[in-house]
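Take a look at the structure set out below.
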Amino acid sequence: MAIQIDTGEQTDASRAPRGSAVLSVQDQVQAWRNADLFFFPLISVLIGGAAVFLCALTVGDWSYWMDWRDRRWWPLLTPLLLLALPAVATYAFWRYFKLPVAATGLALGFWLSQIISRYVNFHVFTAFPMNWVMPEVWIGAAVVLDAVLLITRSFAVTGLVGGFLFGLLFSAMNWPVVAPMHMPVQLGDNVMTLADYMGFQYIRTAMPEYVRIIEAGTLRTFGTHVAPVSAFVSGFFAILVYYLFVWIGSKGARPSWLGKLV
C-alpha cells in the first residue's frame, strides 16, 4: 500500500488567494509586468506634467518668448526648476541600478516634448516662427551632472560640483540660441535688435509691469554685465535644490512605500 507523506509544501494554485486570477508563479510575474506597463508610464506622465506646470507657472513667458529671456530672471530661476525632477530620479537610478543617466534622459525627453508642444501650440495653431519659441537647451548641463556623479560616485560631491555647474553653465549653453536675437537691424531710421523687431511684428499681450521691475533691478550695481552674476547665483542655489530633491527622491524611492502603493 502506498503511503503519502505530507511535506508541508503547497502547490502554486493552493497558495493563490481565493477568487484571484493569479494561479501560478508565472501568472504572478505576468501580473507584475502588466502593472509595471500601466503604473510607470502613468506616473511618468503625471510627474512630467507637474514639472512642466511648475516651469510654466514660475518661468512662464520668459521661457516661451525669445525676446523675454532677459539677463536676470531667466538664467537665475529656469535652471533651478529644471534641476528638481532630474535630482529626484537620479537617486532612484543610482541607488538601485548604479546608472548615472537619469538627468540626461529626462533632459532629452523633456526637451523633445517641449519642441512638440511648442510646434503644435505656437507654430501650427498661432503661426509663430519656431525660432521665436524654441525651448531652452539644458541637455549639456544634465550630461555634466551625470558625469560628476559617475566620476565621484557621491551625491554630496555631485550636488556641490555638478549642481553648481548645472546652474552656472545653463546661460552659456543657451547663448548660441539667444545670441542671434541680439543682432542689430535697421528699420527705417531706427536701429533695434532682431528680438525687438520680431516683437513688433508678432503682437502679443501687453508686457506686464513686473518685467520692468526686473529690468530695473539692483544688479546694475555690478555694471552692465549682469548675466554672469545671475549664473553664479543660480549655481549656488542649484546646490541647495539638488540636495533637497535628492532627499525627496530618497524618501519616495523606499521599497516599503512602493510596496504599499502597488
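Placed from the backbone N, Cα and C atoms, the Cβ positions cover glycine too.
Annotated features, as they stand in TrEMBL:
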- 37-60: transmembrane segment (TRANSMEM)
- 72-94: transmembrane segment (TRANSMEM)
- 101-120: transmembrane segment (TRANSMEM)
- 132-152: transmembrane segment (TRANSMEM)
- 159-178: transmembrane segment (TRANSMEM)
- 229-248: transmembrane segment (TRANSMEM)
Stretch-level contact, the transmembrane segment (229-248) and the transmembrane segment (72-94), CB cutoff 8 A, at least 3 pairs: yes
Same-chain residues near the transmembrane segment (159-178), Cβ under 8 Å, at least 6 residues beyond its ends: 66, 69, 75, 78-80, 82-83, 134, 136-138, 140-142, 144-149, 152, 227, 230-232, 234-239, 241-243, 246
